[in-house]
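Take a look at the structure below.
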Amino acid sequence: MSDISFVRTEMLPEKEPPASTVGFIGWAKANLFSSVLNSVLTILSIVLVLFVLSGVLPWAFQSVWNASSLTECREILKATYGEHHEGACWAVINDRWVQLVFGFYPPYPIDPTMYLGNPPEGAWPAYFRPIATFVLILAAVAPVLFDKLPRKMLIITAIFPFAMPWLMWGGTVWFPVAAALGFAIGYFAFKYLADIVGELAGLIIAVVLPVIWWLFLMGPFADLMQSIIALDIPVVESRKFGGFTVSIFIGVVAIVGSLPIGIVLALGRQSDLLIVKALCVGFIEFIRGVPLITLLFVASTLLNIFLPPGTEFDIILRVLIMVTLFASAYMAEVIRGGLAALPRGQYEGADSLGLNYWQAQRLIIMPQALKISIPGIVSNFIGIFKDTTLVSIIAILDPLGLTNGIRADAAWNGIYWELFAFIAIVFFVFCFSMSRYSMYLERKLKTSH
Amino acid sequence: MSELATERQIDRSKMHVGSDVAIQINNMNKWYGAFHVLRDINLTVNEGERIVIAGPSGSGKSTLIRCINRLEEHQQGDIIVDGTELTSDLKNIDKVRREVGMCFQHFNLFPHLTILENCTLAPIWVRKVPRKEAEETAMHFLEKVKIPDQALKYPGQLSGGQQQRVAIARSLCMKPRIMLFDEPTSALDPEMIKEVLDTMIELAEEGMTMICVTHEMGFARQVANRVIFMDQGQIVEQNEPEEFFNNPKSERTQLFLSQILGH
């Protein structure tokens, strides 16, 4: 009886863990050298990494940055590092840097002929407009990404979808103003009509009215305002767009556009309204079932057959629409996954408190569904940004498209690795930043401990 | 199980049943597909009543109270809550939901919002109360459920009992006239059950109209003014708690009581 009885008279104090299990030594012992096989594999891996680096590092760093042709480059390499040294010729990046970034975008666009030589009297700095576009993108995205920044910066975010295309393409300022007015029309239509004709009818009107405005009334309105108060900047044609400018332009539009459209499609797919559901399912399944290249070819060639002759429908605009729709279909499915992962109780909690459908979606469901879907959403963003390189197939001169031109040039004929390595590094920087940001966001939004 | 684990005396001074009808259910039927879950339910709840619904699992207790705020749709009969009939009219549903608070077995707090935000969300967006006022009300009710110091934490950082008390406070912030409890203590540890029941008793002492689906027979005996026993989607027996527990009429009730009170 008594040998199973036990009473603790004093509680044990806390002790330090054994020294061999903490710090670097403990970590290395646990992760690198935990058994004979592991130790061998660790050493083999280190040898392999050193071998690769011993090849790549001299090539990348014992290299030439200033030369005007590949031949000159090779001569400098031979003179500096000896006969047998294989070194990179980064001079091609140095030489064609401006072109890789801006394509053939004119540095000083002035109507009617594009001025490409010395800056004209009183002109903005070279490439002012694409650079201003980059700055605008950063300023618009920053307050969305980091909530510590002043909330007033969101005004820039609101203006940016209208200002960015205007800066890039130019033309009358009344056009983006008229486009923005379409959203205002939709908003006020819903605000004042929803109470009178009911929520659903109000919503339909709030969608139809702006579409009518954009399709039929916006152009004449912008022309009229322009004839009253002329406010315009020189037009730059789409075929002048190129380089990383066009990649970023298409990427940003597709990313910014695909998230809201994806949300609407995901909600539509879950809707009880049969027609809405059928439309959304049909759209998503069709777009997901067709390769992006096919859609781009449709955008670049087929659309011309269907549109009435003489219709001017900008090629970049067509590509933007196609890429955005493509990204939206994938986004919708990612967000639907997030919605499906939410417990039913969250809907019931919201319902039982009397929140209506839109309030529940906006305040309860979407914040959580989007949070769950962050890894998927960011994967999609990264994918779509890299997919922008496909536009080189329909003769838009993105960085990959430009490499053909650069390599066809007599001065740089034969160059290969350096161009693609550079383009890869730039894409990597963008994509890796997005990936890190998504991890930061996941950590920040984690509320359970 | 039979005695409520509370030491304090229950103050019955404000617990009286009024003459106004709070909820009226007439010949209500509900099906899940072809399955007849609720059969011919007739129930009148007066203001100030504290009703406990008991019964074996699958008997339709939860479904019944979820019909009262239209989380479930009924197919036949009428449900009139606080003078508003529940039909497919969204305006009526919203109106009823504003007046009826509900607590769930799994709390259903919003994990991405702080405790305070959980409590102020509905008053701000549904009742259009100014934020400051909503926060004051929320703090008042959080004090009442004895967790004001947790206001800025997230639900995931609280214990189950604390979460359920927040859920009660969240419902109270909408100033409901009727409270529904759907097995509020079933997912809790024994130590936490007491703190949630204490909160519910306080609510009863203030004269709140309450309908509770629960297995806490001690609570039923001491707080309820009426116990309803359900089985197979129908009301089998209802009576005052004293009569119900000491002198159950139907065989089914006797069997049920002997099973849950027997050990």
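Just so you know, glycine gets a Cβ as well, placed from its N, Cα and C.
Listed in TrEMBL:
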type: TRANSMEM; residues: A:36-61; note: transmembrane segment
type: TRANSMEM; residues: A:126-146; note: transmembrane segment
type: TRANSMEM; residues: A:153-169; note: transmembrane segment
type: TRANSMEM; residues: A:175-193; note: transmembrane segment
type: TRANSMEM; residues: A:200-221; note: transmembrane segment
type: TRANSMEM; residues: A:241-267; note: transmembrane segment
type: DOMAIN; residues: A:244-438; note: domain 'ABC transmembrane type-1'
type: TRANSMEM; residues: A:279-303; note: transmembrane segment
type: TRANSMEM; residues: A:315-335; note: transmembrane segment
type: TRANSMEM; residues: A:372-395; note: transmembrane segment
type: TRANSMEM; residues: A:415-434; note: transmembrane segment
Residues from the same chain, set at least six apart from the ends of the transmembrane segment (A:126-146), whose C-beta lies under 8 A from its own: 98, 101-102, 105, 107-109, 119, 153-154, 156-157, 159-160, 163-164, 167-168, 170, 233, 236, 245, 248-249, 252, 437
Close approaches to the transmembrane segment (A:372-395) from elsewhere in its chain (Cβ under 8 angstroms; 6 or more beyond its ends): 246-247, 250-251, 254-255, 258-259, 292-293, 296-297, 299-300, 315, 319, 323, 326-327, 330-331, 334-335, 337-338, 341-342, 401, 427, 430-431, 434-435, 437-438, 441-442, 445
Folded-back contacts onto the transmembrane segment (A:315-335), same chain, C-beta under 8 angstroms, at least six residues removed: 238-239, 241, 246, 249-250, 253-255, 257-259, 261-263, 265-266, 269, 280, 283-284, 287-288, 292, 295-296, 298-300, 303, 369-370, 373, 376-377, 379-380, 383-384, 387-388, 391, 394, 396
Tertiary contacts of the transmembrane segment (A:153-169), as residues 6+ beyond its ends and Cβ separation under 8 Å: 129-130, 132-133, 136-137, 139-144, 175-177, 179-180, 233, 235-236, 238, 241, 245, 249, 252-253, 256, 314
